[in-house]
Amino acid sequence: MKKLNIGDYNDILNEVLNDISPTEVEKKELKVFSDKIIAKIKDISKKPVVDIIQVGSTARDANLKDDHDIDIFLRFERETDRDTLKESGLKIGKEVIDYFNGKSWVEYAEHPYVSGEIEKFNLDIVPCYGIENCEKIISAVDRTPLHNEFLIMSYKNKNLSDDIRLLKKFLKGLGIYGSDLKTAGFSGYLCELLILKYGGFLTLISDVKTWKPTKSIVLNEIYEMYDLKKDHVFSKFDDPLVVYDPVDLNRNVAAALNEENLCKFIFYSKMFLKNPSKDFFYGFDKKITDFLNRRERGYLLTLEIKRPENIVEDVIYPQMEKIQKSINKLVKEHDFEYLRYQNFADENTCYLSWEFLVNELPSVKLRIGPPVYSEPGVMNFITHNEHYFVKGCNVCAYKTRKYKNIQILFEDIVNGKFRKIITYPKYVCPENAEIRLGTFVERT
């Protein structure tokens with residue numbers, strides 16, 4: 001394998017590359033199999049299908065070892081109605097996978113598409129509309145073939161595959177690879193754009209160490225594609241990282257990335273450059289979690305809520321986050337402090353977990369009122385509080401807590417006593433949930 005000219009980091013990064021790069025045999029198998037699939041689709045498809053394109057990392061030699069995912073997009077004429085697009089896409093997808101004796105099923109995004117398994121290969125056959133750069137999309141996936149065309153054109157005479165693989169593996173090691181709403185990290189497309197912008201993995205992270213939230217990136221190719229001047233004013237986005245999409249300048253490719261994961265990327269880029277190690281590339285986030293959990297725990301509590309059937313992760317995770325933040329506000333109002341909280345969903349159950357500093361508070365709390373010289377405020381305070389007194393310069397009172405035990409508070413949450421206070425998303429309802437004490441469910 002070709003050595004990377006990266007000085008002191010050379011040995012470590014090439015060791016990682018030897019672990020994660022597909023062999024020439026693997027690449028050939030992917031190419032031969034993909035060609036068979038495309039040939040069969042061409043054989044059975046007709047108008048309004050106007051083009052068949054393989055997209056994704058395996059189409060661009062940007063995949064990791066043992067990644068056998070093949071993404072095929074069927075581009076339909078713009079005038080095609082959605083029902084025809086949906087029905088034709090599903091029919092073609094199922095027929096192709098059946099022809100190769102594979103197993104197929106329907107997945108759902110904005111519209112349904114066919115996924116399948118044929119031998120060791122995972123296949124998605126996705127219908128979309130044929131559009132041009134910066135044209136208004138008709139369905140959410142219409143840009144994907146344009147992304148593929150842009151990257152292939154931009155990669156000419158550039159050898160970036162190894163650097164893309166290193167970045168993906170680095171982000172996987174940190175637990176921040178993936179643009180799904182559960183992960184809120186970096187998409188594969190974003191990784192490829194970053195490597196294209198900076199020309200290599202090490203060059204990228206050397207710059208990343210200086211980043212701050214609100215960082216904005218415009219690829220040089222964008223100015224050439226659209227004949228823009230260097231002082232062109234681009235659309236504004238309120239996101240931690242902004243990377244303008246070359247095929248749609250009104251879209252931020254990094255929109256799914258949250259601030260914490262951006263800051264992890266910044267911090268661990270600094271750490272890797274200071275103390276280079278293979279450890280960063282292999283389950284580093286799990287090692288950090290395990291290390292931090294080797295301590296005396298606070299009071300652990302988990303709500304287990306039945307997960308509705310057929311609700312995808314990109315729906316269920318935002319709803320878990322929404323209700324957990326609403327509960328967080330309630331517990332803070334009752335003076336309970338938590339060290340951390342987390343949510344996770346498996347096939348059947350949603351888990352909302354907390355680690356509290358204490359589970360029991362004193363029966364009495366100090367309520368601090370306005371300064372004694374604030375006449376209207378003082379009179380209002382003493383009207384609503386018995387046994388008032390002056391502490392420092394404020395009028396104060398002792399109040400009996402309504403909830404001194406966190407378990408009792410959560411029992412009332414589960415019994416529906418806060419229905420008018422807590423935000424109830426459509427699919428994650430805390431009523432009739434099971435309370436598990438001494439348990440904190442980590443994300444996997």
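Quick reminder: no glycine exception, Cβ is built from N, Cα and C everywhere.
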Per Swiss-Prot, which of D8, D11, D124, D142 sits in the Mg(2+) site along with D69, D71?
D124
Y177 (ATP binding site): secondary structure state under DSSP, collapsed to three categories
strand
List, in sequence order, those binding-site residues among S57, R60, H147, K168, Y177 whose Cα sits within 10 Å of the Cα of D71 (Mg(2+) binding site).
S57
Quick check for the class: what is the C-alpha distance, in angstrom and rounded, between D69 (Mg(2+) binding site) and S57 (ATP binding site)?
8
One should report the C-alpha separation between S57 (ATP binding site) and D124 (Mg(2+) binding site), rounded to whole angstrom, as 13
Counting only residues 6+ apart in the same chain, whose Cβ is under 8 Å from the Cβ of Y177 (ATP binding site)?
K168, L171, T183, G185, F186, C191
How many whole Å apart are the CA atoms of R60 (ATP binding site) and D124 (Mg(2+) binding site)?
16
So which one is it: of the binding-site residues R60, H147, K168, which has the fewest other Cβ atoms within 10 Å?
R60
